[in-house]
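The following features are taken from Swiss-Prot:
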BINDING   G13, G14, G15, H16, A17, G18  FAD binding site
BINDING   274-288  NAD(+) binding site
REGION    636-656  region 'Disordered'
Amino acid sequence: MLFPTEFDVIVVGGGHAGTEAALASARMGAKTLLLTHNIETLGQMSCNPSIGGIGKGHLVKEVDALGGAMAAATDESGIQFRILNSSKGPAVRATRAQADRILYKAAIRHRLENQPNLWLFQQAVDDLMVEGDRVVGAVTQIGIRFRARAVVLTAGTFLDGKIHVGLNNYTGGRAGDPAAVSLSARLKELKLPQGRLKTGTPPRIDGRSIDFSKLDEQPGDLDPIPVFSFLGRAEQHPQQLPCWVTHTNERTHDIIRGGLDRSPMYTGVIEGVGPRYCPSIEDKIHRFASKESHQIFLEPEGLTTNEFYPNGISTSLPFDVQLELVHSMRGLENAHILRPGYAIEYDYFDPRALKASLETKAINGLFFAGQINGTTGYEEAAAQGLLAGLNAGRYVQEKDAWCPRRDQAYLGVLVDDLVTRGVAEPYRMFTSRAEYRLSLREDNADMRLTEIGRELGLVDDARWDAFSRKRDAVSRETERLKSTWVTPKTLPPEEATALLGKAIDHEYSLAELLRRPGISYDGVCSLKGGECAPTEPLADDPVLLEQIKEQVEIGIKYQGYIERQASEIERNDANENTRLPDGIDYREVRGLSFEVSQKLNEFRPETIGQASRISGVTPAAISLLMVHLKRRGLGRRNGTAAEATEQGDGTVPTQQ
């Protein structure tokens, strides 16, 4: 049956990538259909009940700055909030929250059901409708055909998923949900390059059986309680709960070693590669054999359940081994396991077969986002989903794709890494992956992206008004500090000594004083009995006020470093965005080695910058390529791309 309504964009999958994709597409005005196998699992947290962390929190803030849902949903469902690396510089500080699974799903579903231009439909997708080299719709398991001009596929771990517990295995997309076997087979027919990856989850524990008196308590930050969204308020948070800490021990490790002969990972049953930075407990014991103990965090799953998530013991060992290893740890001697841990293998597709817009190179209008691209984590999925949904909407509107640059957003780093380098293991975001991380901080994600989001149609009036007030206040206050001066005559020596350690000997602007180590914005404003404070309040809202003060202080203190980084970006920008012709045959480029020309022909980079980051492509090869383009008159910063780069929005032409 052909469904009577035709849509602009169809999103397949209702996880973190799919929900952000559907919301982004609909916000742009595209008539969007979200197809999910089960409406009750929209926004499901399949593994850890947490959002954020180092690098990941930066992505969440960027999604929020572009009008996405993840940060706001976390503020409404978060039961513990912490700022990680709080004693370090602002570039690596990151927000992390424990979320109530039920509240998080409810917050996401509420947004989906109340988003204009968005329709929901519960049916698993078995097939894609493809005509020639373009996608035209999707087919459900009962044969309903939905037509659309673009499809965003966000299948998570469901593509030919196989669950392993010991040497037992069965098909499944996650525990309790069926795998997408037919869709996986159909995608194989499309000849898209693919592979297998693996991830896992720990057993869940009944909190009533935990002896908390033997555990170390880990409270969240309480003064103040952090928020994730730039529009968030601590009053939105539900009741706050602590986490708890225990440790593995030698007995635990002996139990695990004794079970490796029945581990699917160590008997060759699992072929997929697992995440390096979220390893199973079996991997930890094997890779860090000399380590006597590993920290395990017991994280509450929610306010209305006794279920706990033991972060650190992801495993696919047989259940009897899981039970024994849990009981070997302090405080868990009598723990009751509610759900066994398991590993899951699934299909992914080589992201080097994607454009930077996340559209597949082989099939026009087909976009991939999330774990299907070889990433791991809710945050990485949500960021890709927003970008894919945005660009699917722009595709059907015949507008240029938006592809954020590496110097513009962690989202740009994520996508560039995927489409140029590919993945050999599940990809996780870290701040260390960003070469311009001093400029790509959590605190300035809105300053970097909200204006772009507004131009793209992603940001509503409420967010834009709040951002505009903040941006203008930061600018005014920064200029005031630069133009307000104190002299030895106007600043009493005792007051200067109390703040600065000694009296001043010549004239200083307040900005120059603030630039000194250990001097805060509030400290500078307190000088001269408070006369150095602004005469008018920077903001009536206390949360907005703190954001403004933070931006002013960081901007002044790190001005020199940020300006140097901006100069470096400008130097690199000339070649970074030079577009490569679609039909170029790299075998014709004089001087290129066979290996380099083969890789360039295989991966078809879109820009010189992408080409330079392909493994094996040397700086010398890039120089030869630039000479070739100049001789042939082919190298160009495509009109739209060049203009967009100068405007800072990263738009590149859509090839349709």
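Backbone N, Cα and C atoms are what each Cβ position is placed from, and that goes for glycine too.
If you take the C-beta of G18 (FAD binding site) and look for same-chain residues 6 or more apart in sequence within under 8 angstroms, you find V11, V12, L34, T36, V152, T154, A369, G370, G385. Sorting the binding-site residues A17, C278 by the number of other Cβ atoms within 10 Å puts A17 first. Listed in chain order, the residues near the FAD site other than G13, G14, G15, H16, A17, G18 are V11, T19, E20, A21, T36, G43, T154, G156, A369, G370, A381, G385, each with its Cβ within 8 Å of the site Cβ centroid.
Sequence-distant neighbours of R276 (NAD(+) binding site) (same chain, 6+ apart, CB under 8 A from its CB) are E425, P426, R428. Note on F288 (NAD(+) binding site): other Cβ atoms within 10 Å of its Cβ, all shown chains, come to 12.
Rounded to a whole value, the Cα-Cα separation of C278 (NAD(+) binding site) and H16 (FAD binding site) is 19 Å. A Cα-Cα distance of 32 Å separates H286 (NAD(+) binding site) from G15 (FAD binding site).
Of all Cβ atoms in the shown protein chains, 28 besides its own fall within 10 Å of the Cβ of G14 (FAD binding site). In this structure, G274 is the one among the binding-site residues G13, G15, G274 with the smallest number of other Cβ atoms inside 10 Å of its Cβ.
Cα to Cα, H16 (FAD binding site) and G274 (NAD(+) binding site) are separated by 20 Å. The Cβ of E282 (NAD(+) binding site) lies under 8 Å from the Cβ of I256, L260, S263, M265, Y266, T315, S316, L317, each of these being in the same chain and 6 or more residues away along the sequence.
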